[in-house]
Ligand code: GDP
Ligand code: ZN
(Lines of atoms letter the chains of each structure in order from A and count residues from 1; the text may use other names and numbers.)
(Lines give C-alpha, C1' and ligand atoms only; values in the text may rest on other atoms or scores of the structure.)
(Ligands and ions follow the chains in the order given, each with its own letter.)
Protein backbone atom coordinates (compact mmCIF):
# COMPACT_ATOMS: atom_id res chain seq x y z
CA UNK A 1 0.00 0.00 0.00
CA UNK A 2 1.00 3.58 -0.52
CA UNK A 3 1.06 5.94 2.42
CA UNK A 4 2.52 9.33 3.13
CA UNK A 5 5.31 9.71 5.64
CA UNK A 6 4.25 10.15 9.24
CA UNK A 7 6.11 11.33 12.33
CA UNK A 8 5.46 11.44 16.06
CA UNK A 9 7.18 11.45 19.39
CA UNK A 10 7.37 7.85 20.43
CA UNK A 11 8.92 7.40 23.80
CA UNK A 12 9.50 3.79 24.77
CA UNK A 13 7.66 2.53 27.83
CA UNK A 14 9.61 2.71 31.03
CA UNK A 15 12.28 4.97 29.64
CA UNK A 16 11.88 8.58 30.45
CA UNK A 17 15.39 9.84 29.83
CA UNK A 18 15.41 9.66 26.07
CA UNK A 19 12.68 10.51 23.66
CA UNK A 20 12.36 9.26 20.14
CA UNK A 21 10.99 11.01 17.13
CA UNK A 22 9.86 8.25 14.84
CA UNK A 23 9.22 8.57 11.11
CA UNK A 24 7.65 5.98 8.87
CA UNK A 25 7.02 5.98 5.14
CA UNK A 26 8.71 6.21 1.75
CA UNK A 27 10.14 9.63 2.51
CA UNK A 28 11.24 8.88 6.07
CA UNK A 29 14.94 8.71 5.24
CA UNK A 30 14.82 11.70 2.89
CA UNK A 31 13.05 13.82 5.50
CA UNK A 32 15.60 12.81 8.12
CA UNK A 33 18.47 13.62 5.79
CA UNK A 34 17.18 17.19 5.50
CA UNK A 35 17.74 17.65 9.24
CA UNK A 36 20.58 15.30 9.99
CA UNK A 37 24.17 16.23 9.81
CA UNK A 38 26.61 13.42 10.40
CA UNK A 39 30.37 13.34 10.91
CA UNK A 40 32.25 14.01 7.63
CA UNK A 41 29.03 14.68 5.76
CA UNK A 42 27.57 11.21 6.01
CA UNK A 43 24.06 10.91 4.51
CA UNK A 44 21.45 8.58 5.96
CA UNK A 45 20.30 7.46 2.52
CA UNK A 46 23.75 5.90 1.98
CA UNK A 47 23.90 3.89 5.18
CA UNK A 48 23.02 0.24 5.58
CA UNK A 49 19.66 -0.75 6.97
CA UNK A 50 19.29 -1.46 10.67
CA UNK A 51 22.22 0.67 11.71
CA UNK A 52 22.46 3.54 14.17
CA UNK A 53 24.30 6.81 13.61
CA UNK A 54 25.65 9.61 15.71
CA UNK A 55 25.11 13.16 14.56
CA UNK A 56 23.25 16.42 14.97
CA UNK A 57 19.86 17.71 14.04
CA UNK A 58 20.10 21.13 12.44
CA UNK A 59 17.47 23.59 11.47
CA UNK A 60 17.92 23.60 7.66
CA UNK A 61 16.83 27.25 7.44
CA UNK A 62 19.27 28.67 9.95
CA UNK A 63 21.91 25.94 10.13
CA UNK A 64 21.58 26.07 13.91
CA UNK A 65 22.23 22.83 15.84
CA UNK A 66 19.09 21.79 17.69
CA UNK A 67 20.08 18.50 19.26
CA UNK A 68 22.77 15.86 19.48
CA UNK A 69 21.25 12.57 18.41
CA UNK A 70 21.56 8.90 17.58
CA UNK A 71 19.58 8.02 14.49
CA UNK A 72 18.40 4.53 13.62
CA UNK A 73 17.78 3.78 9.98
CA UNK A 74 15.51 0.81 9.33
CA UNK A 75 14.57 0.09 5.76
CA UNK A 76 11.34 -1.70 4.95
CA UNK A 77 10.00 -4.29 4.80
CA UNK A 78 11.81 -5.69 7.84
CA UNK A 79 10.38 -3.03 10.14
CA UNK A 80 7.41 -2.70 12.43
CA UNK A 81 5.35 -0.91 9.79
CA UNK A 82 7.03 -2.66 6.84
CA UNK A 83 7.91 0.84 5.64
CA UNK A 84 11.19 2.72 5.96
CA UNK A 85 11.53 3.86 9.55
CA UNK A 86 13.87 6.43 11.02
CA UNK A 87 14.11 6.86 14.76
CA UNK A 88 15.78 9.98 16.05
CA UNK A 89 16.88 9.40 19.65
CA UNK A 90 17.05 12.67 21.52
CA UNK A 91 18.25 13.11 25.08
CA UNK A 92 17.19 16.67 25.64
CA UNK A 93 14.00 17.66 27.32
CA UNK A 94 10.56 17.81 25.87
CA UNK A 95 11.19 21.19 24.28
CA UNK A 96 14.06 19.94 22.12
CA UNK A 97 12.20 16.80 21.16
CA UNK A 98 9.25 18.85 20.07
CA UNK A 99 11.54 21.01 17.99
CA UNK A 100 13.00 17.98 16.25
CA UNK A 101 9.49 16.78 15.54
CA UNK A 102 8.54 20.20 14.25
CA UNK A 103 11.52 20.19 11.89
CA UNK A 104 10.53 16.77 10.60
CA UNK A 105 7.03 18.07 9.94
CA UNK A 106 8.44 21.12 8.16
CA UNK A 107 10.64 18.75 6.19
CA UNK A 108 7.73 16.90 4.62
CA UNK A 109 6.34 14.48 7.20
CA UNK A 110 2.80 14.59 8.54
CA UNK A 111 1.96 14.32 12.24
CA UNK A 112 0.81 10.74 12.91
CA UNK A 113 -2.61 10.04 14.33
CA UNK A 114 -2.72 8.10 17.58
CA UNK A 115 -1.99 4.46 16.79
CA UNK A 116 -1.16 5.17 13.19
CA UNK A 117 2.17 3.31 13.26
CA UNK A 118 0.44 0.21 14.53
CA UNK A 119 -2.37 0.72 12.06
CA UNK A 120 0.16 0.71 9.23
CA UNK A 121 1.75 -2.43 10.60
CA UNK A 122 -1.68 -3.99 10.39
CA UNK A 123 -2.63 -2.60 6.98
CA UNK A 124 0.75 -3.61 5.55
CA UNK A 125 0.22 -7.14 6.79
CA UNK A 126 2.94 -7.03 9.42
CA UNK A 127 0.60 -7.92 12.31
CA UNK A 128 -2.96 -9.11 12.51
CA UNK A 129 -5.73 -7.28 14.30
CA UNK A 130 -5.54 -9.19 17.55
CA UNK A 131 -1.84 -8.41 17.68
CA UNK A 132 -2.55 -4.76 17.01
CA UNK A 133 -5.03 -4.72 19.84
CA UNK A 134 -2.43 -6.37 22.03
CA UNK A 135 -0.16 -3.42 21.37
CA UNK A 136 -2.93 -1.22 22.64
CA UNK A 137 -3.45 -3.37 25.71
CA UNK A 138 0.29 -3.33 26.27
CA UNK A 139 0.24 0.43 26.36
CA UNK A 140 -2.55 0.31 28.87
CA UNK A 141 -1.47 -2.73 30.89
CA UNK A 142 -1.47 -1.90 34.57
CA UNK A 143 0.64 -4.70 36.00
CA UNK A 144 3.50 -6.90 34.89
CA UNK A 145 1.22 -9.87 34.62
CA UNK A 146 -1.18 -8.01 32.41
CA UNK A 147 1.78 -6.98 30.32
CA UNK A 148 2.81 -10.61 29.85
CA UNK A 149 -0.63 -11.46 28.60
CA UNK A 150 -0.51 -8.62 26.14
CA UNK A 151 2.94 -9.69 25.02
CA UNK A 152 1.82 -13.28 24.54
CA UNK A 153 -1.03 -12.07 22.43
CA UNK A 154 1.26 -9.88 20.41
CA UNK A 155 3.44 -12.86 19.67
CA UNK A 156 0.34 -14.25 18.08
CA UNK A 157 -0.68 -16.98 20.50
CA UNK A 158 -4.35 -16.11 20.30
CA UNK A 159 -4.10 -15.70 16.54
CA UNK A 160 -2.59 -19.15 16.16
CA UNK A 161 -5.32 -20.72 18.22
CA UNK A 162 -8.03 -18.95 16.26
CA UNK A 163 -6.42 -19.95 12.99
CA UNK A 164 -6.38 -23.56 14.10
CA UNK A 165 -10.08 -23.44 14.93
CA UNK A 166 -10.86 -21.85 11.59
CA UNK A 167 -8.91 -24.60 9.87
CA UNK A 168 -11.01 -27.20 11.67
CA UNK A 169 -14.18 -25.50 10.48
CA UNK A 170 -12.87 -25.33 6.92
CA UNK A 171 -12.21 -29.05 6.95
CA UNK A 172 -15.69 -29.63 8.28
CA UNK A 173 -17.11 -27.45 5.54
CA UNK A 174 -15.19 -29.51 3.02
CA UNK A 175 -16.93 -32.63 4.29
CA UNK A 176 -20.25 -30.87 3.98
CA UNK A 177 -19.43 -30.07 0.35
CA UNK A 178 -18.78 -33.75 -0.34
CA UNK A 179 -22.15 -34.57 1.13
CA UNK A 180 -23.94 -31.97 -0.92
CA UNK A 181 -22.17 -33.06 -4.12
CA UNK A 182 -22.69 -36.79 -3.61
CA UNK A 183 -25.92 -37.20 -1.65
CA UNK A 184 -26.50 -40.67 -3.12
CA UNK A 185 -23.74 -42.27 -1.08
CA UNK A 186 -25.14 -43.30 2.27
CA UNK A 187 -21.77 -44.01 3.85
CA UNK A 188 -20.58 -40.54 2.92
CA UNK A 189 -23.55 -39.11 4.74
CA UNK A 190 -22.90 -41.25 7.78
CA UNK A 191 -19.27 -40.21 7.89
CA UNK A 192 -20.13 -36.58 7.36
CA UNK A 193 -22.54 -36.64 10.26
CA UNK A 194 -19.93 -38.08 12.59
CA UNK A 195 -17.18 -35.77 11.43
CA UNK A 196 -19.49 -32.80 11.74
CA UNK A 197 -20.50 -33.56 15.29
CA UNK A 198 -16.95 -34.31 16.31
CA UNK A 199 -15.34 -31.23 14.80
CA UNK A 200 -18.11 -28.84 15.74
CA UNK A 201 -18.02 -30.08 19.32
CA UNK A 202 -14.27 -29.63 19.41
CA UNK A 203 -14.52 -26.06 18.11
CA UNK A 204 -17.28 -25.27 20.59
CA UNK A 205 -15.23 -26.58 23.51
CA UNK A 206 -12.16 -24.62 22.50
CA UNK A 207 -14.19 -21.42 22.20
CA UNK A 208 -15.66 -22.08 25.64
CA UNK A 209 -12.18 -22.54 27.09
CA UNK A 210 -11.08 -19.25 25.61
CA UNK A 211 -14.14 -17.50 26.97
CA UNK A 212 -13.41 -18.88 30.43
CA UNK A 213 -10.07 -17.12 30.41
CA UNK A 214 -11.73 -13.84 29.54
CA UNK A 215 -12.90 -13.02 33.04
CA UNK A 216 -9.34 -13.30 34.24
CA UNK A 217 -8.03 -11.35 31.32
CA UNK A 218 -10.42 -8.56 32.12
CA UNK A 219 -9.34 -8.60 35.74
CA UNK A 220 -5.70 -8.40 34.78
CA UNK A 221 -6.36 -5.44 32.60
CA UNK A 222 -8.87 -3.55 34.67
CA UNK A 223 -8.17 -4.75 38.18
CA UNK A 224 -10.24 -6.91 40.48
CA UNK A 225 -13.09 -4.71 41.53
CA UNK A 226 -13.00 -4.90 45.30
CA UNK A 227 -15.51 -3.72 47.86
CA UNK A 228 -14.84 -3.46 51.57
CA UNK A 229 -17.94 -4.03 53.69
CA UNK A 230 -18.59 -4.19 57.39
CA UNK A 231 -20.42 -2.49 60.19
CA UNK A 232 -19.45 1.07 61.10
CA UNK A 233 -16.20 1.38 63.02
CA UNK A 234 -14.84 -2.13 62.36
CA UNK A 235 -11.86 -0.70 60.44
CA UNK A 236 -12.86 -0.49 56.78
CA UNK A 237 -11.16 2.84 56.17
CA UNK A 238 -8.09 1.62 58.05
CA UNK A 239 -8.01 -1.45 55.81
CA UNK A 240 -8.23 0.66 52.68
CA UNK A 241 -5.42 2.87 53.90
CA UNK A 242 -3.16 0.01 54.82
CA UNK A 243 -3.72 -1.68 51.44
CA UNK A 244 -2.84 1.54 49.70
CA UNK A 245 0.18 2.28 51.88
CA UNK A 246 1.59 -1.24 51.94
CA UNK A 247 1.31 -1.63 48.21
CA UNK A 248 2.56 0.88 45.82
CA UNK A 249 -0.45 2.20 44.00
CA UNK A 250 -0.20 1.32 40.37
CA UNK A 251 0.79 4.40 38.52
CA UNK A 252 0.41 4.67 34.82
CA UNK A 253 1.08 7.54 32.53
CA UNK A 254 -1.66 6.68 30.12
CA UNK A 255 -3.13 9.84 28.71
CA UNK A 256 -6.76 10.31 29.50
CA UNK A 257 -6.75 8.53 32.84
CA UNK A 258 -7.41 10.89 35.66
CA UNK A 259 -5.42 10.88 38.85
CA UNK A 260 -8.27 9.89 41.12
CA UNK A 261 -8.88 6.83 38.99
CA UNK A 262 -5.23 5.83 39.15
CA UNK A 263 -5.15 6.03 42.91
CA UNK A 264 -7.80 3.39 43.24
CA UNK A 265 -5.48 0.71 41.97
CA UNK A 266 -3.18 -1.27 44.18
CA UNK A 267 -1.06 -4.23 43.26
CA UNK A 268 -1.22 -6.96 45.89
CA UNK A 269 1.40 -9.58 45.04
CA UNK A 270 0.67 -9.34 41.36
CA UNK A 271 -3.09 -9.07 41.77
CA UNK A 272 -4.40 -5.72 40.62
CA UNK A 273 -7.16 -4.52 42.89
CA UNK A 274 -9.49 -1.76 41.93
CA UNK A 275 -10.74 -0.53 45.26
CA UNK A 276 -13.99 1.33 45.25
CA UNK A 277 -13.47 4.94 46.16
CA UNK A 278 -13.83 6.19 49.69
CA UNK A 279 -17.23 7.63 48.93
CA UNK A 280 -18.33 4.23 47.69
CA UNK A 281 -17.08 2.59 50.82
CA UNK A 282 -18.86 5.04 53.02
CA UNK A 283 -22.02 4.23 51.16
CA UNK A 284 -21.59 0.53 51.78
CA UNK A 285 -21.04 1.06 55.50
CA UNK A 286 -24.64 0.64 56.48
CA UNK A 287 -25.61 -0.91 53.26
CA UNK A 288 -27.65 -3.80 54.61
CA UNK A 289 -29.51 -1.69 57.09
CA UNK A 290 -30.19 0.97 54.53
CA UNK A 291 -31.38 -1.02 51.56
CA UNK A 292 -31.96 -4.54 52.84
CA UNK A 293 -30.20 -7.81 52.19
CA UNK A 294 -31.62 -8.50 48.75
CA UNK A 295 -30.88 -5.08 47.34
CA UNK A 296 -27.41 -4.89 48.80
CA UNK A 297 -26.69 -8.28 47.31
CA UNK A 298 -27.35 -6.82 43.90
CA UNK A 299 -25.00 -3.94 44.56
CA UNK A 300 -22.29 -6.19 45.91
CA UNK A 301 -22.69 -8.68 43.08
CA UNK A 302 -20.94 -6.30 40.73
CA UNK A 303 -17.75 -6.72 42.74
CA UNK A 304 -15.18 -9.40 41.95
CA UNK A 305 -13.94 -9.55 45.51
CA UNK A 306 -15.51 -8.71 48.86
CA UNK A 307 -13.45 -7.90 51.90
CA UNK A 308 -15.85 -8.47 54.78
CA UNK A 309 -14.63 -6.89 58.00
CA UNK A 310 -15.71 -7.98 61.51
CA UNK A 311 -14.78 -6.65 64.92
CA UNK A 312 -12.74 -9.06 67.08
CA UNK A 313 -13.58 -7.12 70.23
CA UNK A 314 -17.36 -7.24 69.84
CA UNK A 315 -19.81 -10.10 69.78
CA UNK A 316 -21.27 -10.98 66.40
CA UNK A 317 -24.34 -8.91 65.77
CA UNK A 318 -27.37 -9.63 63.69
CA UNK A 319 -26.02 -7.12 61.21
CA UNK A 320 -22.81 -9.15 60.83
CA UNK A 321 -24.83 -12.27 60.09
CA UNK A 322 -26.87 -10.38 57.52
CA UNK A 323 -23.67 -9.27 55.84
CA UNK A 324 -22.55 -12.88 55.53
CA UNK A 325 -25.89 -13.66 53.98
CA UNK A 326 -25.59 -10.75 51.56
CA UNK A 327 -22.22 -11.90 50.22
CA UNK A 328 -22.85 -15.64 50.12
CA UNK A 329 -21.74 -17.26 46.91
CA UNK A 330 -19.25 -14.51 46.13
CA UNK A 331 -15.48 -14.39 46.43
CA UNK A 332 -15.12 -13.22 50.00
CA UNK A 333 -12.25 -12.80 52.42
CA UNK A 334 -13.37 -12.40 56.01
CA UNK A 335 -11.20 -10.10 58.08
CA UNK A 336 -11.59 -10.14 61.84
CA UNK A 337 -9.96 -6.91 62.90
CA UNK A 338 -8.83 -5.39 66.22
CA UNK A 339 -7.10 -8.47 67.64
CA UNK A 340 -5.14 -6.14 69.90
CA UNK A 341 -8.30 -5.69 71.96
CA UNK A 342 -9.90 -8.34 74.20
CA UNK A 343 -11.76 -11.00 72.26
CA UNK A 344 -15.55 -10.89 72.27
CA UNK A 345 -16.28 -12.50 68.93
CA UNK A 346 -17.04 -16.21 68.52
CA UNK A 347 -14.39 -17.18 65.95
CA UNK A 348 -15.83 -20.68 65.44
CA UNK A 349 -19.13 -19.14 64.49
CA UNK A 350 -17.34 -16.76 62.11
CA UNK A 351 -15.61 -19.70 60.41
CA UNK A 352 -18.92 -21.50 60.19
CA UNK A 353 -20.55 -18.51 58.54
CA UNK A 354 -17.56 -18.05 56.27
CA UNK A 355 -17.84 -21.58 54.87
CA UNK A 356 -15.14 -21.94 52.24
CA UNK A 357 -14.04 -18.32 52.39
CA UNK A 358 -10.74 -17.65 54.11
CA UNK A 359 -10.81 -15.97 57.52
CA UNK A 360 -7.92 -13.71 58.45
CA UNK A 361 -7.37 -12.00 61.79
CA UNK A 362 -5.74 -8.58 61.83
CA UNK A 363 -4.86 -5.67 63.98
CA UNK A 364 -4.68 -2.88 61.52
CA UNK A 365 -3.75 -0.55 64.35
CA UNK A 366 -0.65 -2.60 65.17
CA UNK A 367 -0.10 -3.65 61.55
CA UNK A 368 -0.61 -7.33 62.31
CA UNK A 369 -1.98 -9.92 59.91
CA UNK A 370 -1.67 -7.83 56.78
CA UNK A 371 0.75 -10.36 55.25
CA UNK A 372 -1.75 -13.18 55.67
CA UNK A 373 -4.46 -11.01 54.20
CA UNK A 374 -2.35 -10.33 51.13
CA UNK A 375 -1.52 -14.00 50.88
CA UNK A 376 -5.24 -14.82 50.90
CA UNK A 377 -5.95 -12.30 48.19
CA UNK A 378 -3.26 -13.62 45.91
CA UNK A 379 -4.06 -17.30 46.43
CA UNK A 380 -7.75 -16.68 45.95
CA UNK A 381 -6.93 -15.17 42.61
CA UNK A 382 -4.22 -17.49 41.35
CA UNK A 383 -5.40 -20.80 42.75
CA UNK A 384 -7.00 -22.99 40.15
CA UNK A 385 -6.56 -20.11 37.79
CA UNK A 386 -4.75 -20.25 34.51
CA UNK A 387 -1.12 -20.79 35.35
CA UNK A 388 1.45 -18.11 34.71
CA UNK A 389 2.97 -20.11 31.86
CA UNK A 390 -0.28 -20.50 29.97
CA UNK A 391 -0.89 -17.00 28.83
CA UNK A 392 -3.46 -17.33 26.12
CA UNK A 393 -6.02 -15.20 27.86
CA UNK A 394 -8.70 -13.40 26.00
CA UNK A 395 -8.82 -9.98 27.51
CA UNK A 396 -10.08 -7.75 24.77
CA UNK A 397 -13.75 -6.79 24.89
CA UNK A 398 -14.16 -7.07 21.15
CA UNK A 399 -12.64 -10.55 21.12
CA UNK A 400 -14.93 -11.66 23.93
CA UNK A 401 -18.01 -10.44 22.08
CA UNK A 402 -16.95 -12.18 18.88
CA UNK A 403 -16.14 -15.40 20.69
CA UNK A 404 -19.55 -15.37 22.35
CA UNK A 405 -21.23 -14.93 18.99
CA UNK A 406 -19.08 -17.66 17.48
CA UNK A 407 -20.04 -19.95 20.33
CA UNK A 408 -23.72 -19.33 19.66
CA UNK A 409 -23.44 -20.04 15.97
CA UNK A 410 -21.46 -23.24 16.46
CA UNK A 411 -24.13 -24.31 18.96
CA UNK A 412 -26.75 -23.56 16.32
CA UNK A 413 -24.82 -25.76 13.92
CA UNK A 414 -24.69 -28.60 16.44
CA UNK A 415 -28.41 -28.29 17.17
CA UNK A 416 -29.18 -28.31 13.47
CA UNK A 417 -27.08 -31.44 12.93
CA UNK A 418 -28.85 -33.05 15.85
CA UNK A 419 -32.28 -32.16 14.50
CA UNK A 420 -31.43 -33.65 11.12
CA UNK A 421 -31.78 -30.31 9.39
CA UNK A 422 -30.61 -30.28 5.73
CA UNK A 423 -26.88 -30.10 5.57
CA UNK A 424 -26.70 -26.85 3.61
CA UNK A 425 -28.40 -25.10 6.53
CA UNK A 426 -25.72 -26.44 8.84
CA UNK A 427 -23.21 -25.05 6.39
CA UNK A 428 -24.54 -21.53 6.96
CA UNK A 429 -23.94 -21.72 10.72
CA UNK A 430 -20.49 -23.14 10.22
CA UNK A 431 -19.56 -20.45 7.75
CA UNK A 432 -20.83 -17.83 10.16
CA UNK A 433 -18.66 -19.24 12.94
CA UNK A 434 -15.67 -19.22 10.63
CA UNK A 435 -16.33 -15.58 9.72
CA UNK A 436 -16.77 -14.48 13.33
CA UNK A 437 -13.49 -16.07 14.32
CA UNK A 438 -11.92 -14.40 11.32
CA UNK A 439 -12.98 -11.02 12.59
CA UNK A 440 -10.89 -11.55 15.71
CA UNK A 441 -7.71 -11.75 13.69
CA UNK A 442 -8.82 -9.05 11.30
CA UNK A 443 -10.05 -10.90 8.25
CA UNK A 444 -13.14 -9.27 6.84
CA UNK A 445 -13.17 -6.23 9.08
CA UNK A 446 -14.70 -3.01 7.93
CA UNK A 447 -12.48 -0.02 7.46
CA UNK A 448 -14.54 2.00 9.96
CA UNK A 449 -13.96 -0.56 12.68
CA UNK A 450 -10.25 -0.45 12.00
CA UNK A 451 -10.26 3.33 12.25
CA UNK A 452 -12.15 3.16 15.51
CA UNK A 453 -9.74 0.69 16.99
CA UNK A 454 -6.60 2.50 16.07
CA UNK A 455 -7.95 5.84 17.19
CA UNK A 456 -7.75 4.50 20.74
CA UNK A 457 -4.00 4.17 20.62
CA UNK A 458 -1.52 6.56 22.10
CA UNK A 459 0.23 8.99 19.89
CA UNK A 460 3.47 7.68 18.49
CA UNK A 461 2.59 4.00 18.66
P1 GDP B 1 -14.76 2.09 59.55
O2 GDP B 1 -15.84 2.92 60.16
O3 GDP B 1 -15.19 0.69 59.39
O4 GDP B 1 -14.22 2.66 58.29
O5 GDP B 1 -13.57 2.03 60.60
P6 GDP B 1 -12.28 2.94 60.68
O7 GDP B 1 -11.21 2.40 59.83
O8 GDP B 1 -12.67 4.35 60.48
O9 GDP B 1 -11.85 2.65 62.17
C10 GDP B 1 -12.70 2.97 63.27
C11 GDP B 1 -11.83 3.14 64.51
O12 GDP B 1 -11.22 1.89 64.84
C13 GDP B 1 -10.70 4.12 64.32
O14 GDP B 1 -10.57 4.86 65.50
C15 GDP B 1 -9.49 3.25 64.09
O16 GDP B 1 -8.31 3.85 64.50
C17 GDP B 1 -9.82 2.05 64.96
N18 GDP B 1 -9.17 0.82 64.50
C19 GDP B 1 -9.03 0.36 63.25
N20 GDP B 1 -8.35 -0.82 63.26
C21 GDP B 1 -8.08 -1.11 64.53
C22 GDP B 1 -7.39 -2.18 65.20
O23 GDP B 1 -6.91 -3.13 64.59
N24 GDP B 1 -7.30 -2.11 66.55
C25 GDP B 1 -7.83 -1.09 67.27
N26 GDP B 1 -7.69 -1.11 68.58
N27 GDP B 1 -8.46 -0.05 66.68
C28 GDP B 1 -8.58 -0.05 65.34
ZN1 ZN C 1 -14.92 4.39 57.33
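Placement of Cβ uses the backbone N, Cα and C atoms for every residue, glycine included.
Annotation note: residue 87 ((6S)-5-formyl-5,6,7,8-tetrahydrofolate binding site) sits in a strand segment as assigned by DSSP. Look at TrEMBL and you will find 22, 87, 126, 461 tagged as (6S)-5-formyl-5,6,7,8-tetrahydrofolate binding site.
DSSP assigns residue 237 (Mg(2+) binding site) to a helical segment in the three-state reduction. Annotated GTP binding site per TrEMBL: 233-238, 252-258, 277-280, in sequence order.
The K(+) binding site annotation in TrEMBL covers 233, 252, 254, 257. Every protein chain shown contributes to the tally, and the Cβ of residue 233 (GTP binding site) ends up with 12 other Cβ atoms within 10 Å.
With a 10 A radius on its CB, residue 237 (Mg(2+) binding site) counts 15 other CB atoms from all the protein chains. What TrEMBL records for 237, 258 is Mg(2+) binding site.
Across the residues of the domain 'TrmE-type G' (223-382), the predicted structure has a mean pLDDT of 76. Marked as domain 'TrmE-type G' by TrEMBL: 223-382.
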Inquiry  = Which one is it, among the binding-site residues 22, 87, 126, that lies nearest to residue 233 (GTP binding site) by Cα separation?
reply    = 22
Message = Rounded to a whole angstrom, what is the C-alpha distance between residue 87 ((6S)-5-formyl-5,6,7,8-tetrahydrofolate binding site) and residue 237 (Mg(2+) binding site)?
response = 49
Inquiry  = Return only the integer: C-alpha distance in Å from residue 22 ((6S)-5-formyl-5,6,7,8-tetrahydrofolate binding site) to residue 237 (Mg(2+) binding site).
reply    = 47
Request  = Whole-number Å only: compute the distance from the Cα of residue 126 ((6S)-5-formyl-5,6,7,8-tetrahydrofolate binding site) to the Cα of residue 237 (Mg(2+) binding site).
outcome  = 50
Remark   = Restricting the binding-site residues 87, 126, 233, 236, 237 to those with Cβ under 6 angstroms from ligand 2 leaves 236, 237
